[in-house]
Amino acid sequence: MPTVDDILEQVGHFHFFQKQTFFLLALISAAFTPIYVGIVFLGFTPDHRCRSPGVAELSQRCGWSPGEELNYTVPGLGAADGAFARQCMRYEVDWNQSSPGCVDPLASLAPNRSHLPLGPCQHGWVYDTPGSSIVTEFNLVCARSWMLDLFQSAVNIGFFIGSVGIGYLADRFGRKLCLLVTILINAAAGVLMAVSPNYTWMLIFRLIQGLVSKAGWLIGYILITEFVGLNYRRTVGILYQVAFTVGLLVLAGVAYALPRWRWLQLTVTLPYFCFLLYYWCIPESPRWLISQNKNAKAMRIMEHIAKKNGKSLPVSLQSLRAAEDVGEKLNPSFLDLVRTPQIRKHTCILMYNWFTSSVLYQGLIMHLGLAGGDIYLDFFYSALVEFPAAFLIIATIDRVGRRYPWAVSNMVAGAACLASVFVPDDLQGLRITVACLGRMGITMAYEMVCLVNAELYPTFIRNLGVLVCSSLCDVGGIVTPFLVYRLTAIWLQLPLVVFAVVGLVAGGLVLMLPETKGRTLPETIEEAENLQRPRKNREKVIYVHVRKADGPLT
């Protein structure tokens, strides 16, 4: 009996139905962007200072300019290490009772300001921004700044749990059902987050979004690759990630137009309600139906695909079977990922690369909000370079191979991070160029690890290997907010130094992996172990063995 791939040979690998389905699912990929990196705008931390009762009235009475008000009433101005004092401390002065003058009002209290006692902010903060973010609304600064780290870590914890749990449910109950359920929950949680009355509820709804959003993105990825023919799977997989990049560009524009975080959150959530219409637009995966022995339903869907593509099914292709032959089933085990030396090495290197790809990708985006430039333009420019990154991958993986482009992309990302440390702030053009190179490098590395991970494991542990290794991506996402925001409190460029080290190490480790270009996917542990061996040498061994076997006959 024919397989799905056999029927797609007749009805079209990537014709009208597949293009329509790809467009619809690509919208989900683009809509996932605000959840993954929306922290840049939702959690933007503007310059701030303690709110001191009486200062505003005194400033108005004396006719101070904004600069004079800061100079007279805020500690730490001009000091190299005065950021903490300027943003988190205040003079312990009762501005309403001390009757200060308008010229150097603190001079009557102490001849030297350094002798005046300082205390923590007690009446909130004043933020230098026309809009709002979760930071400004819930005062997530100074002693409460860790709560911003937790906000982003919560969504990554959700990614970690949801990808495993909902991934299992999608294999058990079907792609379409799980996709629609994740869309509905995501839409509801996003709206509830936009109207959250306090930080705790906002955190809970963000965690719920994390539980379902990445899983929904992955289900969309699986669906489109299962609807197209074999020769198009790699291309549509990369283009599905390009749709995520389009979402980055749209997010920058929407965030610029809507500087208030609640309206921004509501706006980027509303498209998910439209995605519920996919119930009538996208069928279940025929490959999944066959795996569940629902061949009749799978055949009806293939007939629907043929009709959409303007084709007709030959009489000889009126039944379906699974692509895999029925035989002895091997039960995968976590120990299989570390039992043999080569697979153990592959597992360790892949886990590290998933972790570093997540840390560098999310970390570079988060660092944009702290670098002091135009956050909207910097975000937009850095997103643009993801397009050439995707097309470079398509152009090189089947010509040059996987290993060298992957290693170089990691090293470029690491070197760009290190170079950024030494670029002066006044060279804005050079700073943006270096940042874009780093972003392009880590984008290529991210997409390459997705591709190569599946090519290094034998069939019976391939899904398990991808699942376990890619889980380190979410662990990296959990760690990254604390890494970025805590290290910048020590030195603004310190996260870039850390990114440079882990990126360069990742590039070196990739060179220890085998090249998988032109190789069939390994079916057994033995074949996976022999991937490191050059094919030419392997042919020589077979040749010698045959000569020895023929020897006694001559």
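For all residues, glycine too, the Cβ spot is worked out from N, Cα and C.
ASN71 (N-linked glycosylation site) carries a helical DSSP state (H, G or I). According to Swiss-Prot, the N-linked glycosylation site annotation covers ASN71 (among others).
In this structure, ASN198 (N-linked glycosylation site) belongs to neither helix nor strand by DSSP; it is coil. Note on ASN198 (N-linked glycosylation site): other Cβ atoms within 10 Å of its Cβ, all shown chains, come to 9. Residues or ranges marked as N-linked glycosylation site in Swiss-Prot: ASN198 (among others).
Residue counts for the motif 'Proline-rich sequence' (283-287) under DSSP (helix as H, G, I; strand as E, B; rest coil) come to 2 helix, 0 strand, 3 coil. Sequence annotations record features per position, and here Swiss-Prot assigns motif 'Proline-rich sequence' to 283-287 based on similarity to another entry.
Summarising the annotation, Swiss-Prot assigns topological domain 'Cytoplasmic' to 1-21 (among others) and lists sequence analysis as the type of evidence.
Sequence annotations record features per position, and here Swiss-Prot assigns topological domain 'Extracellular' to 43-149 (among others).
Under 8 Å from some Cβ of the topological domain 'Cytoplasmic' (171-176) lie the Cβ atoms of residues 219, 222-223, 226, 279, 282-285, 288-289, 292, all in the same chain and six or more residues away from its ends. According to Swiss-Prot, the feature topological domain 'Cytoplasmic' maps to 171-176 (among others).
Per-residue confidence over the topological domain 'Extracellular' (198-209) averages 96 (mean pLDDT, predicted model). According to Swiss-Prot, the topological domain 'Extracellular' annotation covers 198-209 (among others), on the basis of sequence analysis.
Look at Swiss-Prot and you will find 231-237 (among others) tagged as topological domain 'Cytoplasmic', backed by sequence analysis. In the topological domain 'Cytoplasmic' (231-237), helix, strand and coil residues by DSSP number 7 helix, 0 strand, 0 coil.
Among the features that Swiss-Prot reports, topological domain 'Extracellular' is placed at 259-262 (among others), with the record citing sequence analysis.
The annotation topological domain 'Cytoplasmic' is assigned in Swiss-Prot to 284-348 (among others) on the grounds of sequence analysis.
Annotation source Swiss-Prot lists topological domain 'Extracellular' at 370-374 (among others), citing sequence analysis.
The topological domain 'Cytoplasmic' annotation in Swiss-Prot covers 396-403 (among others). With a threshold of 8 Å between CB atoms, the same-chain residues lying at least 6 positions outside the topological domain 'Cytoplasmic' (396-403) that come near it are 234, 448, 451-452, 455, 510-511, 513-517.
For 451-463 (among others), the entry in Swiss-Prot reads topological domain 'Cytoplasmic', with the evidence type sequence analysis.
Proximity of distant same-chain residues to the topological domain 'Extracellular' (485-493), defined by a Cβ-Cβ separation under 8 Å and at least 6 residues beyond the stretch ends, is recorded for 84, 145, 148-149, 366-367, 370-371, 420-421. Per Swiss-Prot, the feature topological domain 'Extracellular' maps to 485-493 (among others); the stated evidence is sequence analysis.
The annotation topological domain 'Cytoplasmic' is assigned in Swiss-Prot to 515-554 (among others) on the grounds of sequence analysis.
Sequence annotations record features per position, and here Swiss-Prot assigns transmembrane segment to 22-42 (among others).
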Find the member of 150-170, 177-197, 238-258, 428-450, 494-514 that has more C-beta pairs under 8 Å to the transmembrane segment (349-369) than any other listed stretch.
494-514
For ASN71 (N-linked glycosylation site) and ASN198 (N-linked glycosylation site), determine the Cα separation and express it in whole Å.
34
Secondary structure content, the topological domain 'Extracellular' (43-149) (per DSSP, counts of residues):
37 helix, 13 strand, 57 coil
Count the Cβ pairs between the transmembrane segment (464-484) and the transmembrane segment (238-258) that lie under 8 angstroms and are 6 or more residues apart in sequence, then report whether there are at least 3.
no
For the transmembrane segment (210-230), distant same-chain residues with Cβ under 8 A (at least six beyond the ends):
5, 8-9, 12-14, 17-18, 21-22, 25, 28-29, 32, 35-36, 154-159, 161-163, 165-167, 170, 175-176, 178-179, 181-183, 185-186, 189, 236-237, 240, 282, 285-288, 305, 474
Winner by Cβ pairs under 8 Å against the transmembrane segment (22-42), considering only 150-170, 238-258, 375-395, 404-424, 428-450:
238-258
